[in-house]
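One structure below.
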């Protein structure tokens with residue numbers, strides 16, 4: 001038995017999971033030429049070209065398929081368009097390695113389908129097996145495909161799809177039929193009405209109806225994401241390979257995808273605060289029954305993403321993480337090393353801001369990001385944005401960073417991991433469980449664990465000092481007036497911004513270096529400054545809690 005297992009580990013698993021040679025039908029000559037002329041690695045260019053290809057595809061879909069007035073183009077045609085284009089884009093990026101995301105998408109659907117037939121009243125097993133299958137497949141892919149550096153290969157799509165299909169399985173579990181209330185007719189499902197649902201059938205009619213302003217939350221995971229019935233295989237594959245998000249996100253539920261291809265996503269009334277004139281104007285400003293304004297927002301996404309990528313490319317030449325290693329860096333003064341370390345961490349994260357923002361553009365052009373209307377009756381298209389640049393750049397707390405950076409993945413983690421760990425009865429344990437999951441999900445490199453471990457400790461430090469000092473400072477600033485108020489507010493904001501960004505960028509360096517020996521060498525070059533500051537603040541809070549204990553009323557564990 002041991003011999004068989006060793007043979008599987010040494011022969012069969014590497015043969016399946018190791019990256020395959022490129023297909024002879026694919027010509028990567030363009031990307032190789034651009035790579036040689038620009039100095040950008042070829043896999044990075046292929047990733048960027050795949051994402052940019054979403055723009056013409058989204059425009060074509062917008063012109064032909066994004067039409068609520070057509071009696072020819074329907075839900076099935078839209079679904080097949082996304083399935084075919086998504087598979088083609090994935091094939092261009094992955095070549096023969098497209099077999100891996102196909103395996104997990106079809107495998108997840110098959111698991112749910114099997115248990116829907118043999119045990120329709122117990123979907124928990126299907127969800128559990130889907131989780132183990134997708135997460136186990138991803139980790140096995142890391143084992144046989146990962147290198148010591150940052151890999152841009154099929155594991156990138158597999159990483160995104162892992163979360164998508166785990167959420168798909170949990171939504172299927174949550175859609176388990178429950179006992180129907182006696183007041184409801186037999187066979188009628190009981191549906192909780194939410195602010196995202198509307199009885200209105202068409203956009204012009206919706207715009208004319210007075211309605212309250214919707215609560216603005218990310219539309220990626222609404223309250224109605226449970227799946228009472230298992231979607232078809234073609235819908236599941238189109239959702240998994242959605243051409244504008246299969247590589248770098250954003251994450252969103254199958255429920256949103258279904259509302260999008262059925263055009264129910266646009267059944268949102270203009271809020272009553274806009275007035276009847278604005279409502280009628282919004283109804284008139286439609287093309288094929290679709291609100292206007294997405295082209296302007298998508299253009300903004302494109303140029304902002306290009307700016308961040310260009311900035312990252314320029315700064316990367318001055319502040320590469322590898323420059324933090326070696327004797328030459330240690331020969332600089334301590335102040336210089338801290339300054340360079342800070343800018344290096346910021347440079348690491350710039351590329352994520354750029355690629356997510358560029359990737360948001362095709363989603364906006366396709367229409368799936370429609371987020372209703374604002375108080376003035378203007379359509380909003382930020383429903384799936386993954387980063388809020390203004391809030392991110394000027395954040396004065398790590399909680400603000402979390403709510404403005406990789407937003408949909410954080411929302412996914414809160415919904416599918418954090419809230420599912422409520423049985424632990426402790427928020428800190430649930431948060432630690434989320435960070436451990438995310439570290440493993442990113443990869444098996446210890447640099448990820450170093451990064452997320454620092455994040456957990458930094459968040460705990462911030463929580464303690466925000467309760468101890470933050471409220472007092474806010475009260476002090478509120479009592480000031482005139483110039484004193486402006487100066488004290490600016491000084492406190494600058495101080496908290498510097499602490500927040502320093503903690504964030506300090507943790508970003510191990511995230512990029514990946515290897516624990518390199519990460520430790522980098523943080524050792526600044527004498528472990530970030531760790532000592534964090535431990536000092538935590539220790540001070542513990543001492544103050546002993547010297548000046550506060551009476552705290554017991555609180556129940558909540559996740560809302």
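Along the chain as shown, residues are numbered 1 onward.
Glycine too: its Cβ is placed from the backbone N, Cα and C atoms.
Range 77-93 is the one annotated as transmembrane segment, of 77-93, 94-110, 162-178 (source: TrEMBL). The list of residues near the transmembrane segment (45-65) in space but at least 6 beyond its ends in sequence, with Cβ under 8 angstroms from a Cβ of it, reads 28, 30-31, 34-35, 38, 73, 77-78, 81-82, 85, 89, 92-93, 152, 156, 243-244, 247-248, 298, 302, 309, 355, 358-359, 361-363, 365-367. Beyond the transmembrane segment (490-508), the same-chain residues lying 6 or more positions past its ends with a Cβ under 8 Å from any Cβ of the stretch are 341-346, 348-349, 394-398, 400-401, 450-452, 454-455, 458, 462, 473, 477, 523, 529-530, 534. Here the transmembrane segment (528-548) has Cβ contacts under 8 Å with residues 338, 454, 457-458, 460-461, 464-465, 468, 502-503, 506-507 of the same chain, all six or more residues outside its ends.
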